[in-house]
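K.L.:
Pulled these features from TrEMBL for this protein:
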TRANSMEM  21-42  transmembrane segment
TRANSMEM  92-112  transmembrane segment
TRANSMEM  124-147  transmembrane segment
TRANSMEM  167-183  transmembrane segment
TRANSMEM  190-208  transmembrane segment
TRANSMEM  332-354  transmembrane segment
TRANSMEM  363-382  transmembrane segment
TRANSMEM  388-406  transmembrane segment
TRANSMEM  418-435  transmembrane segment
Amino acid sequence: MSRARRDAHLGTKHRPRASMLAAGSVVFLLQFIHGTATRFVYDAAQYWDGALQLVSGGDVATAGVLNIRGTLTPLVYLPPAAVAGLLGEGSWTWLVLIWNALLAAALCAMILPQLAELIVPGHLVSHVWTCALLGGLLFALFARFALLDVWAFACAATAMLLISGRRSWWVYAVGGLFAAIAVDLRPSYLLPLILGMVVVLIAAARRIPLVAAGALIGALPQSIYNVFHGGSWLPVPTATSGLIGVQSAQAVYSIRYDTVLDPGRNPQQWYCDPSLASAVSSEPAPTTPLSVAGSLLTHVPESLWFGLKKIAAALQWSWSTPYEPSPGHGTGAIAVVVALTTAIGAFALLRAIWFGTSTSNRLIAGGLLAFWLGAAATLVLTTPETRFALPLVGVGVVGVTCGLTTPIARSQRWTSTLSLLAALSVCVLLLWAGARGVGYPVPPGPLTTPAECVRLVR
């Protein structure tokens, strides 16, 4: 090989790495556009306090509320908490912002672009910059708070990346490990990951035991913790069943739950569906997501509209997401961006399945779409907040990235145009359904019974 050809080859080889570094720097800076949090409250305070207690040797279980949260949750903010012990309380919000910005940079400049590259090969640099700009803007909403939503999604996306394509046997096990960590941090990722991983591994069934072994290792810390604190080997927090029971009872008529950071009012803000609340008021309250599904199936077709409103309302982000303003703030520009990303991304993945260049590409696109559908189903079967729609948006970022780089043959132009029009129509539907979904706000405070929701229309 001549020197000129060798230099050109090396330049091509290192170009994606340079792009990842540059794009990662841009994402890192984007995370600072909302500034730091004034203070950590509610869930964020508990996650942060758990990490602080772990550093100081205090009561981690009480501070981190580990009876309903995964054993690994205090570890997420352990590094900034350790540094905070040296710098003092005044550094807390800055350290969390920097730590979360580093995660966003890795997620948007490395993990998500490589997922897109597996679906539409040969465009890694374009994938890097698209994910960096779009993902960096959307994930910046979460960067200032000590929450786990982006961390759980990053672990889930890493799991999907590691089990996709031809890799060494141990990589599949590490993928299973990351999947277990994602579920420990945010149990709502269980269904999306199961669906997504099953689709990806259809053509490589012999790898499933490796993934399962990695997941088992990832679940061991929770099981070991439970043995010493609750006497059970189950890899879930000890009070999980009670929490699921409460949430399932509310899931059949509640649309969305918000935490409002307004010192002049109760922070709890619920939105509900009076029509469905009236329909289920005389029925036994569901106690599990399966019984929620059974209840909703008995009220078809009304429950289909209810489910769409739940998904759409969770996508009604604001500039203050993951916390939300009081009712009546309307649909903002960021909600339009979120709806567009979600709808166009999903249709782009569907198109990649139909026109993919290889079986592997199609299975990976299908796995991400199955993950997306699992996340949507989880929103319907639980009591979601806006931040719980993050997996839909994150997968949407990958889908949009693939859509922008997918070559379109002349014979596919009409199909591509129709797909885009369908995606835009779904976006409009999501915005309209989301606005309808938050049309019945419950007075600030807890949501107790369906009757409380029914009274909103009297």
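Note: Cβ is positioned from N, Cα and C throughout, glycine not excepted.
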K.L.:
Taking the transmembrane segment (418-435) as reference, which of 124-147, 332-354, 363-382 has the most Cβ pairs under 8 angstroms?
P.N.:
332-354
K.L.:
Find the member of 124-147, 190-208, 332-354, 363-382, 388-406 that has more C-beta pairs under 8 Å to the transmembrane segment (92-112) than any other listed stretch.
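P.N.:
Result: 124-147.
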K.L.:
Looking at the stretches 190-208, 332-354, 363-382, 388-406, which one shares the most CB pairs under 8 Å with the transmembrane segment (124-147)?
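P.N.:
The stretch with the most close Cβ contacts to the transmembrane segment (124-147) is 388-406.
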K.L.:
By Cβ distance under 8 Å, which residues at least 6 away from the ends of the transmembrane segment (332-354) in the same chain are close to it?
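P.N.:
Here the qualifying positions are 119-120, 134, 137-138, 141, 312, 315-319, 321, 361-362, 365-366, 368-369, 372, 389, 392-393, 395-400, 402-403, 406, 415-416, 419-420, 422-424, 426-427, 430-431, 434.
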K.L.:
In terms of Cβ proximity under 8 Å, which residues at least six beyond the ends of the transmembrane segment (388-406) contact it?
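P.N.:
That would be 108, 112-113, 115-116, 119-120, 123, 126-127, 130-131, 134-135, 138, 142, 149-150, 153, 156-157, 188-189, 192, 311, 314-315, 317, 338, 341-349, 351-352, 355, 365, 368-369, 371-372, 375-376, 378-379, 382.
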